[in-house]
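Student: One structure coming up, written as structure tokens, with questions to follow.
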Amino acid sequence: MARLTAARYGKDNVRVYKVHKDEATGTQSVTEMTVCCLLEGQIETSYTEADNSVVVATDSIKNTIYIKAKEHPVNPPELYVSHLGQHFLDKYPHINVANIKVIVHRWTRINVDGKPHPHSFYRDGQETRNVEARISREKGIELKSALSGLQVLKSTGSAFHGFVRDEFTTLGETWDRILSTDVDSTWTWKTFPNVAAVQEGVERFDSAFDAARSITLKTFAEDESASVQNTMYKMCEKILEAAPEVDVVGYSLPNKHYFEIGKLPSSSFALQTHD
Ligand SMILES: O=c1[nH]c(=O)c2[nH]c(=O)[nH]c2[nH]1
């Protein structure tokens, strides 16, 4: 006999674009996001008994993503996801949890002849700002913020030696290597009881993002790295210090290896591989 143990459903890959027009200055600002919204609740019978009376159509979920982006600020994304998720709990008594993910794509203002252009932007890299939220009747608003896809490289200032050597080891020790990675950094906030608590002191989210990004870049550049493990731990320590409302910080720093194939007096050649 089959049994349904868990279920969630919704819409992914909803693309949202919002422009803010400052009438006084004529300057426009843009935000482009990809949104995923998955609902949980008393929806079992839609699976087990073909009972669609409990289904908020995924098409309506998509429409709600757009409408809430129009009704509320989309910056910071932590506030937008809180409004969006809370809406589903307020409107539908049988929905208990909204799981929302937002990826904010990078549009950086173009400078023309040294002056910021009022309405033109460019994509300066694949880096994104992300938020994952679980908004539930039981716990409130759980938020995880992240920066993802920030590519970095340093051509010296990185070593790796003293590691386990046994019959499986082929890697040589090094006191000077190229270090390159795609940074994925995540910081989990202490749980918020409601949207009002997210709204109060809302600038904390942009400050934490800016701190995480600048700490990541500064530590990566300045640390005389003994290993990826030790460098990422230093980054975590500094972010926790800079953002006291953050509970947990995590990093994923996959090592992109460069293997040396030849040397000239003042330069070296390397081949790159990915883990
Ligand atoms: O900084 C590093 N940490 C490791 O655990 C590791 N393992 C490896 O092969 N190279 C590296 N580099």
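Each position is counted from 1, following the chain as shown.
Yeah, the Cβs are placed from backbone N, Cα and C, and that goes for glycine too.
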Student: Which of ASN96, ASN130, ASN255 does TrEMBL put in the same urate site as THR58, ASP59, PHE160, ARG177, VAL228, GLN229?
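Tutor: Answer per TrEMBL: ASN255.
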Student: Among all the protein chains here, how many other CB atoms are within 10 A of the CB of ASP59 (urate binding site)?
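Tutor: Neighbour count, Cβ to Cβ under the 10 Å cut-off: 9.
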Student: Counting only residues 6+ away in sequence within the same chain, which have a CB under 8 Å from the CB of PHE160 (urate binding site)?
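Tutor: Residues satisfying the criterion: GLU173, THR174, ARG177, ALA226, SER227.
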Student: If I take the alpha carbons of ASN255 (urate binding site) and THR58 (active site, charge relay system), what is the distance between them in whole Å?
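Tutor: With the alpha carbons as reference points, the distance is 39 Å.
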